[in-house]
Amino acid sequence: MPGLAILGLSLAAFLELGMGSSLCLSQQFKAQGDYILGGLFPLGTTEEATLNQRTQPNGILCTRFSPLGLFLAMAMKMAVEEINNGSALLPGLRLGYDLFDTCSEPVVTMKPSLMFMAKVGSQSIAAYCNYTQYQPRVLAVIGPHSSELALITGKFFSFFLMPQVSYSASMDRLSDRETFPSFFRTVPSDRVQLQAVVTLLQNFSWNWVAALGSDDDYGREGLSIFSGLANSRGICIAHEGLVPQHDTSGQQLGKVVDVLRQVNQSKVQVVVLFASARAVYSLFSYSILHDLSPKVWVASESWLTSDLVMTLPNIARVGTVLGFLQRGALLPEFSHYVETRLALAADPTFCASLKAELDLEERVMGPRCSQCDYIMLQNLSSGLMQNLSAGQLHHQIFATYAAVYSVAQALHNTLQCNVSHCHTSEPVQPWQLLENMYNMSFRARDLTLQFDAKGSVDMEYDLKMWVWQSPTPVLHTVGTFNGTLQLQHSKMYWPGNQVPVSQCSRQCKDGQVRRVKGFHSCCYDCVDCKAGSYRKHPDDFTCTPCGKDQWSPEKSTTCLPRRPKFLAWGEPAVLSLLLLLCLVLGLTLAALGLFVHYWDSPLVQASGGSLFCFGLICLGLFCLSVLLFPGRPRSASCLAQQPMAHLPLTGCLSTLFLQAAEIFVESELPLSWANWLCSYLRGPWAWLVVLLATLVEAALCAWYLMAFPPEVVTDWQVLPTEVLEHCRMRSWVSLGLVHITNAVLAFLCFLGTFLVQSQPGRYNRARGLTFAMLAYFIIWVSFVPLLANVQVAYQPAVQMGAILFCALGILATFHLPKCYVLLWLPELNTQEFFLGRSPKEASDGNSGSSEATRGHSE
């Protein structure tokens, strides 16, 4: 495929003066407008000998033509014309442009840069103490192409806070906002590209590589960044060197040969070549000449698409070439636009219509691009089509196109434009435009771009591979990079269909670490990690011990977490107990509601009235205490579990004790004594008994908390792969402390009711209390051995079950039968049945209640 070098660097790409008719292409590099944009493009190059022999600060003649620079300039022209022809960004305004050739040399670049900063209508930069109101000839500058030039112009324009948007300068140093506060670019920093390169090396396990850079700022900085990134990713650089720029001197030739010799001696198969196109041209020329063994060359963006390199004779002998290329939106109409402009440049009528006299800039600086007016349009047009179809130019063309749109968007924001007009009452200074460019978003075709804090844009990269088609290669996309690398292995071509291996030592297996031998960390032996340790990273040199809360088998690559083990809310046992809680609590609330509804009934009054309801409330609180047992143990929950369970139970049992005492008194003592004692057991003194019992239990709980406080324990020994967390009981004595009061109350209740003989024809309250206390003792006596033998992790579930079944036993044997009478046997809800006397007898104080009761029964 004919490349751009055939068009731009050989005699076939341009004609010397006098060969063919003159064009007026250079006269199209300026257009008037309300706001002028400066442009710096590599329209030509100069002979190196001319620069070496320069002894005076005179002008430099650019004799060779660069088609790439022309295409980039055309991209800027097309973008400006699009903006002017539309109304979305700058309605009612026109952008102008003033484009100059940099000749790819700093000396040449400074001349138009000085002209851009000259005061409007003059050719000089005035000296002021304050440049706030200074109005230069241009509002912003697009370019230059190379980082070397941008380092110079960036500092110069930053002094005046002149916005500068480069379409290709990618050096990371340009991201320094203190040095280059007004510099922006529509390409990512080289650091991003090198991160992609390091990711590519890691993907193919190429950890033994050579790194070469051009002997200039671009190459040296690239090598420095790559070296740091490679070291942090475990990639060893066997050899690092600088390649001099293309020179025919013997000294430079010796340096190139020495670089090639050291690369060969390092026995690497992969070389990262971060260099300018001219340095790569020099390196590959001698590599082909000296028959260097083929390598995998990882290219920087600066030379991956360079025709200077791609058209070298026998270039296929260098090996495989891979590199990342910034992705950009396609501009399908660009080819037609360039062809139209080139055709107009050859049209005498059109050329005659252009202004014939020299403008101010040309009088000072000479023609903008004299060599542009003597090119062969047919070769240039065909070369453009071929390079665009091969994907070698569109990313640079789009970057230039986007740079213009970024400035237009900033001007749009500064002028507060709407769909119909812009506010142009006052002139816009460059520094005002700059204020709107920081972190600004803008659109270029279908892409939304944004300047980051360092003035760069974040764009996706395509991974390109040279595929050989005689005589020159073409670029195939074989992957993408946007923070992560995506490869299309089926599209990659390798010698012998095998991916080259570039390693000093084989990769260690999983669970093995490296024992370095020699000086390079990539040369090592592999050693297994023992149990209890693991290999943290593939490039580790020592096994990392597992933490106390972790474990690992032998030859492990990770430590498995020892999951905390406790009675979780979602475990089946807990869910079952929670369902039981809902049942018991629901029955308790239903009983309480029923007794409140029938408050004045004989049954409720005979059961103790308010004391009975208080006992039910305590029973409900006793049930709710089970909610303290599931879940991850905490100090507060551990301390609260036993007191919050047994204090409500004491309140409940104390009310039952009062009823048991009343039953005992009524049955075993003379009537006169019984009436006197019952008045105390039912009156305010009854609450004193409840209070005293509760205070005794509270005192025992306080003793329990102070003398034997439970604590949250993390047990690492019980389970091999889990860590047990539980509330540890200090001793069995502590458990007995909180049960003393309740056990005594229950025992007294049992004695007071078990020995009592029920009277026929009356409700047998003693039987319900007897069975309730039996249920209490059976459950809590069974609880002790079960708690002692069950796995520690499930001890809270045992306590929950004991609490709920205890509550259910009391409820089912004592309270629910009374609810049954209230709902389904209302005819028994009488004073005779529950108190053993009629209303009349009660009022007369008659004690012959037994006969009345027997009469009711008959």
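A Cβ is built for glycine as well, from the same backbone N, Cα and C atoms used for every other residue.
Summarising the annotation, Swiss-Prot assigns signal peptide to 1-20 and lists sequence analysis as the type of evidence.
Taken from Swiss-Prot, the feature topological domain 'Extracellular' applies to 21-575 (among others), supported by sequence analysis.
A 10 Å cutoff on Cβ-Cβ distances gives ASN85 (N-linked glycosylation site) a total of 8 other Cβ atoms nearby, all chains included. For ASN85 (among others), the entry in Swiss-Prot reads N-linked glycosylation site.
Every protein chain considered, the tally of other Cβ atoms within 10 Å of the Cβ of ASN130 (N-linked glycosylation site) stands at 6. Annotated N-linked glycosylation site per Swiss-Prot: ASN130 (among others), in sequence order, evidence recorded as sequence analysis.
The C-beta environment of ASN203 (N-linked glycosylation site), restricted to residues of the same chain at least 6 apart in sequence and closer than 8 Å, consists of LEU485, LEU487. DSSP classifies ASN203 (N-linked glycosylation site) as helix under the three-state reduction. Summarising the annotation, Swiss-Prot assigns N-linked glycosylation site to ASN203 (among others).
Around the Cβ of ASN264 (N-linked glycosylation site), the number of neighbouring Cβ atoms within 10 Å comes to 16. As annotated by Swiss-Prot, N-linked glycosylation site applies to ASN264 (among others), with the evidence given as sequence analysis.
Marked as N-linked glycosylation site by Swiss-Prot on the basis of sequence analysis: ASN379 (among others).
As annotated by Swiss-Prot, N-linked glycosylation site applies to ASN387 (among others), with the evidence given as sequence analysis.
Marked as N-linked glycosylation site by Swiss-Prot on the basis of sequence analysis: ASN418 (among others). Here ASN418 (N-linked glycosylation site) comes close to PRO91: these same-chain residues lie at least six apart in sequence, with C-beta atoms under 8 angstroms from its C-beta.
Around ASN439 (N-linked glycosylation site), the C-beta neighbours below 8 angstroms that are at least 6 residues distant in the chain are GLN450, PHE451, ASP452, ALA453. Residues or ranges marked as N-linked glycosylation site in Swiss-Prot (evidence: sequence analysis): ASN439 (among others).
Taken from Swiss-Prot, the feature N-linked glycosylation site covers ASN482 (among others), and the record attributes it to sequence analysis. The Cβ of ASN482 (N-linked glycosylation site) lies under 8 Å from the Cβ of GLU460, TYR461, each of which sits 6+ residues away along the same chain. Classification of ASN482 (N-linked glycosylation site) by DSSP places it in coil, neither helical nor stranded.
Within the chain, the transmembrane segment (576-596) has long-range Cβ neighbours (under 8 A, six or more residues past its boundaries) at 604, 607, 612-613, 616-617, 619-620, 623-624, 626-627, 797, 800-801, 804, 807-808, 811, 815-816, 818-819, 822-823. The transmembrane segment annotation in Swiss-Prot covers 576-596 (among others).
Looking only at the topological domain 'Cytoplasmic' (597-610), the predicted model's pLDDT averages out at 75. Under the heading topological domain 'Cytoplasmic', Swiss-Prot lists 597-610 (among others).
Under the heading transmembrane segment, Swiss-Prot lists 611-631 (among others). With a threshold of 8 Å between CB atoms, the same-chain residues lying at least 6 positions outside the transmembrane segment (611-631) that come near it are 566-569, 571, 574, 577, 581, 584-585, 588-589, 591-592, 595-596, 604, 637, 640-641, 644-645, 648-652, 654-656, 658-659, 686-687, 690, 796-797, 799-800, 803-804, 806-807, 810-811, 815.
With a cut-off of 8 Å between Cβ atoms, the residues of this chain six or more beyond the topological domain 'Extracellular' (632-644) that come close are 564, 566, 621, 625, 698, 701, 704-705, 709-712, 725-727, 735, 738, 799. What Swiss-Prot records for 632-644 (among others) is topological domain 'Extracellular'.
Same-chain neighbours of the transmembrane segment (645-665): 607-608, 611-612, 614-616, 618-622, 625-626, 628, 673-674, 677-678, 681-682, 686, 689-690, 693-694, 696-698, 701, 738-739, 741-742, 745-746, 748-750, 752-753, 755-756, 765-766, 769, 772-773, 776, 799, 803, 806, 810, 814, counting only residues six or more beyond its ends whose CB sits under 8 Å from a CB of the stretch. Annotated transmembrane segment per Swiss-Prot: 645-665 (among others), in sequence order.
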Worksheet item: Can you tell me the three-state DSSP label for ASN85 (N-linked glycosylation site)?
Response: helix
Response to the item:
Under 8 Å Cβ-Cβ from the transmembrane segment (736-756), and at least six residues away from its ends along the same chain, one finds 642-643, 645-646, 649-650, 653-654, 656-657, 660-661, 663-664, 667-668, 693, 696-697, 700-701, 703-704, 708, 765-767, 769-770, 772-774, 776-777, 780
Practice prompt. Would you kindly give the Cα-Cα distance separating ASN85 (N-linked glycosylation site) and ASN264 (N-linked glycosylation site), rounded to the nearest Å?
Written response: 57
Discussion item. I need to check the long-range neighbours of the topological domain 'Extracellular' (709-735): which residues 6 or more away from its ends have a CB within less than 8 Å of a CB in the stretch?
Written reply: 548-549, 551, 560, 562-566, 632-635, 637-639, 641-642, 792-793, 795-796
Worksheet item: In terms of Cβ proximity under 8 Å, which residues at least six beyond the ends of the topological domain 'Extracellular' (789-796) contact it?
Response: 565-567, 573, 629-630, 715, 718, 724, 726-727
Fill in: Rounded distance in angstrom between the Cα atoms of ASN85 (N-linked glycosylation site) and ASN130 (N-linked glycosylation site)
37
Practice prompt. Kindly report the helix/strand/coil residue split of the topological domain 'Extracellular' (709-735) according to DSSP, in that order.
Written response: 4 helix, 12 strand, 11 coil
